[in-house]
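These notes concern the structure reproduced below.
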Amino acid sequence: MPHLMERMVGSGLLWLALVSCILTQASAVQRGYGNPIEASSYGLDLDCGAPGTPEAHVCFDPCQNYTLLDEPFRSTENSAGSQGCDKNMSGWYRFVGEGGVRMSETCVQVHRCQTDAPMWLNGTHPALGDGITNHTACAHWSGNCCFWKTEVLVKACPGGYHVYRLEGTPWCNLRYCTVPRDPSTVEDKCEKACRPEEECLALNSTWGCFCRQDLNSSDVHSLQPQLDCGPREIKVKVDKCLLGGLGLGEEVIAYLRDPNCSSILQTEERNWVSVTSPVQASACRNILERNQTHAIYKNTLSLVNDFIIRDTILNINFQCAYPLDMKVSLQAALQPIVSSLNVSVDGNGEFIVRMALFQDQNYTNPYEGDAVELSVESVLYVGAILEQGDTSRFNLVLRNCYATPTEDKADLVKYFIIRNSCSNQRDSTIHVEENGQSSESRFSVQMFMFAGHYDLVFLHCEIHLCDSLNEQCQPSCSRSQVRSEVPAIDLARVLDLGPITRRGAQSPGVMNGTPSTAGFLVAWPMVLLTVLLAWLF
């Protein structure tokens, strides 16, 4: 796979510390051929890493990979302002805006361009088709137009502009200077600088950047799609102008690995178009790969001109890797045992809270299926997360978590694991890892059974959304608080999980709250719960 098409994109999310996105090769496949087009060599119009380094084989077109410099102070007519220096510049740059779009080709007076010694290009700029050319940039000082000098690379790009590879300056204060543009030129009529694939045109008396009509390219590697790995969807963005150059016109059809997941490309800013894929294991035939640290979603975006494929198909393979946490692990599970609750907070919108059962202390491996079957010594991990809403302001608090022998959350037989936001201190197997500190809460408990021939255990948690700006969210627990009266529970804010049964027991015979005639004969060693004990805590 040519490294030219590799691109890493970071996406800062409230609920993820890091999102790693990898865009694989975009390949055009002609009818009857399944092999992607490979780049066998790189010409003079591509910039590659230094020979002998790991980046030696990484090449790209600087006309499509540069930093915009919209800095009016670089104008050769500017004789005011503080004295700046470009010593720390490194990479490919394009000058835009009122200050000018090209470096000066003649010696510039000292103390112009907001610097002491202005730098100018000694020679003429290359023409389109010349590729990347080597030039000398000179700095005017002490009566010498080339008192300091350094090498720069320049390339002429489609669209009538140049890009420059600048690696600092020989001294300070030196700065690269540009010739201000003529305000009457067409380029100045567009508020934003047009990209190489665009031209500045007037449509209905309004100037803007539109796709060039003369684009005709067979180089699929110039497409360079962009990838945005979001919390709920993956977005692939493609340059609309370059699609047109590859023969894919306005009515292009897009579909993922599941042909039923098809749609017309959505229009983005600056002549880009996009298609989204949900971050779900079973959606649109996503391929889900999972290791110890990440869940990786893969799919392929196919672009064609018609449902009847006669010409070119453009396939874009993409993947997003998400660090595993509670939320990502639930998305990656096909059938997690999970409970959801919509909660409205006056003046702050609607929130979604989810609670699930996990198999380990990392809370990244949820139980799946219809029920959980555990051995005697098993520890059950319970995690809850505030998924939707203002998680920067509201913290999730588990006020009361309790077990019942039936699925009825109002069952009189209750064993409290958490009461009044504090853990049951009489049960040494209960560990509350987090409660009220963030948008997540989690606790663990060794499993048990109820006396009285009940086969099943159900878990229930009453939640509270705590406004961290106006409330003390983290519980302050003491033994006197733990022994307080039985709390009043708001059943409208209770999440339910279960049933849970002991491994080796008969199939659950109770789903409606009626005890099975074939109940457990021996209580699990953790605790033997009776109706009386349920109310003692």
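Every residue, even glycine, has its Cβ placed from backbone N, Cα and C.
The disulfide partner of CYS241, as annotated in Swiss-Prot and taken from the candidates CYS200, CYS209, CYS211, is CYS211. Of the listed cysteines (CYS177, CYS209), only CYS209 is recorded by Swiss-Prot as the disulfide partner of CYS194. Segment annotation: Swiss-Prot labels region 'Flexible ZP-N/ZP-C linker' over residues 322-345 (candidates 10-33, 322-345, 514-537).
Looking at CYS107, CYS113, CYS190, the record from Swiss-Prot puts CYS145 in a disulfide bond with CYS107. The average pLDDT the prediction assigns to the region 'D10C' (61-81) is 88. Secondary structure of the region 'External hydrophobic patch (EHP)' (491-499) per DSSP, as helix, strand and coil residue counts: 3 helix, 6 strand, 0 coil.
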